[in-house]
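Heads up, the thing below is written out as structure tokens.
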2 protein chains.
Amino acid sequence: MLRSHTCGELRISDVGKTVKLAGWVQRSRDKGSVLWIDLRDRYGLTQLIFEEGKTEASLFEQARATGREFVIQIEGVVAERLSKNDKIPTGEIEIKATKLTVLNTAKLPPFTIEDETDGGDDLRMKYRYLDLRRNPVREKLQLRHKMAQQTRAYLDAQQFIEVETPVLIKSTPEGARDFVVPSRMHNGEFYALPQSPQTFKQLLMVSGFDRYYQIVKCFRDEDLRADRQPEFTQIDCEMAFIEQEDILNTFEGLIRHLFKSVKGIDLPTVQRMQYADAMKFYGNDKPDTRFDMRFVELKGEGIDLTSGKNFVVFDNAELVVGVNASGCSDFTRKQLDELTEFVKRPQIGARGLVYVQCKTDGTFKSSADKFFSSDDLKKWAETFNAKPGDLLLILAGESNATRKQLSELRLHVGEQLGLRDKSKFSALWVLDFPLLEWDEENKRYHAMHHPFTSPKTEDIHLLESDPGKVRANAYDMVLNGTEIGGGSIRIHDKPTQQMMFTHLGFSEAEAKKQFGFLMEAFEFGAPPHGGIAFGFDRLCSLFGGSDSIRDFIAFPKNNAGRDVMIDTPSTISEEQLKELGIKI
Amino acid sequence: MLRSHTCGELRISDVGKTVKLAGWVQRSRDKGSVLWIDLRDRYGLTQLIFEEGKTEASLFEQARATGREFVIQIEGVVAERLSKNDKIPTGEIEIKATKLTVLNTAKLPPFTIEDETDGGDDLRMKYRYLDLRRNPVREKLQLRHKMAQQTRAYLDAQQFIEVETPVLIKSTPEGARDFVVPSRMHNGEFYALPQSPQTFKQLLMVSGFDRYYQIVKCFRDEDLRADRQPEFTQIDCEMAFIEQEDILNTFEGLIRHLFKSVKGIDLPTVQRMQYADAMKFYGNDKPDTRFDMRFVELKGEGIDLTSGKNFVVFDNAELVVGVNASGCSDFTRKQLDELTEFVKRPQIGARGLVYVQCKTDGTFKSSADKFFSSDDLKKWAETFNAKPGDLLLILAGESNATRKQLSELRLHVGEQLGLRDKSKFSALWVLDFPLLEWDEENKRYHAMHHPFTSPKTEDIHLLESDPGKVRANAYDMVLNGTEIGGGSIRIHDKPTQQMMFTHLGFSEAEAKKQFGFLMEAFEFGAPPHGGIAFGFDRLCSLFGGSDSIRDFIAFPKNNAGRDVMIDTPSTISEEQLKELGIKI
């Protein structure tokens, strides 16, 4: 080894030892007669000292000549520091250097290798290997490693078997776009990269593997938005001979194990919510449950406290609904205007906002004072269960759109009030998703989860008459308002699967061509089974308290799907194209 | 859960318990008044019993109607068996069934789901999900899981960090052919799938990750031979601030840990051999060291015991070399003829074989008796260190070709003599590979390992004068005559890397285009580093005592690179082609 110790290892108890260290020059401080160098490696920082008179002159000069990010090897003796640094574990000692070897020089990096850097996004991506030297970035990837370790530890202990499924598979027209790989041996034919190992994990259940998992790369050729990567990683799981309750318990166990082992947090029992309730009370299928602020309806099913007062906006609305921003009655005019501006943004799309200030003196002040009496407002306040000091924020319009708008407002206000603290965690199961969703463009139903999801037995009779009402045995896990995983109990018999394909508008021939092998497999004794997949990149970013998944990927691609460091995608040779039998 | 216990769980101590099991009907035996069913799941087999008079008549009929591979759920009471089966852990008990639910029916499988099946290769691949139900196949994948677990356990304990590197990377003309992925967002441009994460793991060292690993899918678009898969899995590792000795120790540790933890075997210290010696004494860079049978030269460098006796074959030969098949002097004429036929096969290519039988009475008999006296043969025998009872097998011709032929003969005889026992293990480091190999077709040197491998310092001066003689800091690990891993100490500075590219015939522009980012990275403080990659599929197959890697892959492709189960590669739609901007 080129070192006897790492740069994070030496302590006061090591004083007097002769050691050999190697690492990068983080910085040096030259006080004329004394020179200090901070030597860095993955494990920490150690201070080196060179002193005029005590250090050999040539060594002193050599030390002075080492620049930032030089890779050096140092020999010396561990000594107690005069002025200690209690911020780092090695802060009580320094190395009196006796020999310095430059292992490699370094050009000046294009940005500073410090916790807070001066490098912009583009520059840091181009020199990602330098960005990865910075502690906060490296720590994010170390967190990811620990997450993977603990995921495996939990699932291994539960007798899950990790099985690798193929990457070169078959293109299917369902779902997102596939990346495809032209075959050289079979010109004109293509492999596809998997969007998920869905069919393979179901086949493993047919094979009797009973409990399968894999931490696996998946691929989607979609137009990229911020923080969506063409390749991403899933924790992919499937179980046989189980019911939905078993899946919920097993994977609630996983998430609680991760919180405990990685962050030392005892996550409370994961709450459960019907999809219908999530939409009704939070306007969102992934409510942020770090704070409550549930929707309260003033005009809706079975209630109308707003009509007949000549307030046209409410009179014309299908739904009048709001949230109680508790303790916010003293919001200034400016703050209230900002909220109105917020909901009127084109991406939110509300026409306006009605507020009611429940003053601490028991009176009410509202932007709709002209139309509603104090008594009216009092009734509203009672419906909201509001106390003096609260602030009601009310939207009106078409039900679905209004709920969506109010959901955005709720999150916005939650953010303003500091209720969305990244160091607080609240997990939630959203249950009983609809089986199908209407695709207006193609005038047909799509599987909301995927075509292998089973309908709830008690809803099957609605498949003909009211398909949109059929609920599925499908569930999502939501953490702090972000979907981190989703799954379902699968169909495991051929007749049901065929019925589903029919409802999804597949002809028998199409269904056979795309999923024939799976349907055939179901005829040879498929057990009841179900599973779930977690978005690993996102899960890591939430654990790391970050909004960006990119930070948790060693070599991410940019929004144009490009890796600017290695410069890909790029052109290939004519010879390659010819061998593949394709033309641009 | 649909079961209270698995089918491998119940013991005599559970007698009297009411239980619920679920699984597949392995077989049933109908003795008229008594019916037994063996119920199977991943964990084992449990016998169910139905008795006329004791079992309700309708249940009895129901049981009789369940066919092979039906999926059933059973409720019943654990009872002691009359005739016990000591071959299975549940062999002392059976379940007196009280309720049977058919969870799914099954068509008759196209082959029997037994340890020994009647299904041919093609049929088993088409119905791989049924093949995977068979115990020996499932056990191979369970072994693979355990190998992965233990690999991670060892490397995690050694502070390696698992980092995922990208799958959508850049095509490079070096090495094998890349699979490419056309970009939809950048028509005319392509990603490539990685043949290995080589450059990324080196960049991680530049980033200071210090110790990296990944169990990772890699891809090579090569013409397939038996047991070569277009996608395969590597244990990929890299370390910084190390020398070759550190790598050898660390990964010898890994392999010994795997033997101990997975197979309970204390593997002896891994032997070490120079590449030059491997070629000289075994004619092979991956000698099978489960048995010795080293090459002995009769005519070669510094020796000539064969010339001048009018035996033209030897007189014209550059090399006369043989092996001692110890204790085989009593080989029959038929056996000796078979060996001669063996070496004369076109794929071996020898002209003939000379043998010398060292008879137990001290005399010699040789196929070259006409040319060589008893004294000559005695001298040969002494050179071979042969004892009475031994058999010398001798080939002659051009040195390299003859060594290759003799290597094949050595392995063939070793096989015949039972010296290549699949349950015995011998591991070996082969060291100091040549840096370059001559590519006759393109009249240039190729990197033998890859272009990032460092030359031995003491050989650098030969790079100009005699490039073929330059040795590399490169090493392979060989297990039972199969290369299971290989790696090298890398070049970590730009001048050396540029020199290598020059010697490999890259123009500066080409080198910059292909590896510019790596060479640039070397300028910002790259530490000394090196690594290794193990072929995980092959390693598993050796641990499993099998010649076929395919058995250790859940869903392998056939020799034409085709997955016959899902039928891929396959055509894609015109719309997809149009979006990708390519034409067939």
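Cβ from N, Cα, C; glycine included.
Annotation comment: TrEMBL describes B:Glu174, B:Arg220, B:His449, B:Arg490 as L-aspartate binding site. B:Arg220 (L-aspartate binding site) falls within neither a helix nor a strand when secondary structure is assigned with DSSP, and so counts as coil. Neighbours of B:Arg220 (L-aspartate binding site), defined as other CB atoms within 10 A of its CB across all chains, total 19.
What TrEMBL lists as ATP binding site is B:Arg220, B:Asp221, B:Glu222, B:Gln229, B:Glu483, B:Gly535, B:Phe536, B:Asp537, B:Arg538.
Within the model, the domain 'Aminoacyl-transfer RNA synthetases class-II family profile' (B:141-569) shows a mean pLDDT value of 94, rounded to a whole number. Annotation source TrEMBL lists domain 'Aminoacyl-transfer RNA synthetases class-II family profile' at B:141-569.
What TrEMBL lists as region 'Aspartate' is B:198-201. A Cβ distance under 8 Å defines the sequence-distant neighbours of the region 'Aspartate' (B:198-201), meaning residues of its chain 6+ beyond its ends; these are 165-166, 169, 212, 214, 236-238, 450, 452, 515, 517-518, 531.
Distance from the CA of B:Arg538 (ATP binding site) to the CA of B:Arg220 (L-aspartate binding site) is 16 Å. Mapped onto DSSP classes, the region 'Aspartate' (B:198-201) shows 4 helix, 0 strand, 0 coil. In this structure the alpha carbons, written CA, of B:Phe536 (ATP binding site) and B:His449 (L-aspartate binding site) are 18 Å apart. For B:His449 (L-aspartate binding site), other Cβ atoms within 10 Å of its Cβ number 22. Proximity of B:Glu222 (ATP binding site) to non-local residues of its own chain (separation of 6 or more, Cβ distance below 8 Å) is seen for B:Ala176, B:Arg177, B:Arg228, B:Pro230, given in sequence order. Each of the binding-site residues B:Arg490, B:Arg538 was scored by the number of other CB atoms within 10 Å of its CB, and the largest score is that of B:Arg490. Taking Cβ-Cβ distances under 8 Å and a sequence gap of 6 or more within the same chain, the neighbours of B:Glu483 (ATP binding site) are B:Asp285, B:Lys286, B:Asp476, B:Met477, B:Gly535.
B:Arg538 (ATP binding site) and B:His449 (L-aspartate binding site) are 19 Å apart (CA-CA, integer value).
Largest Cα to Cα distance within the recorded ATP binders B:Arg220, B:Asp221, B:Glu222, B:Gln229, B:Glu483, B:Gly535, B:Phe536, B:Asp537, B:Arg538: about 20 Å as a whole number.
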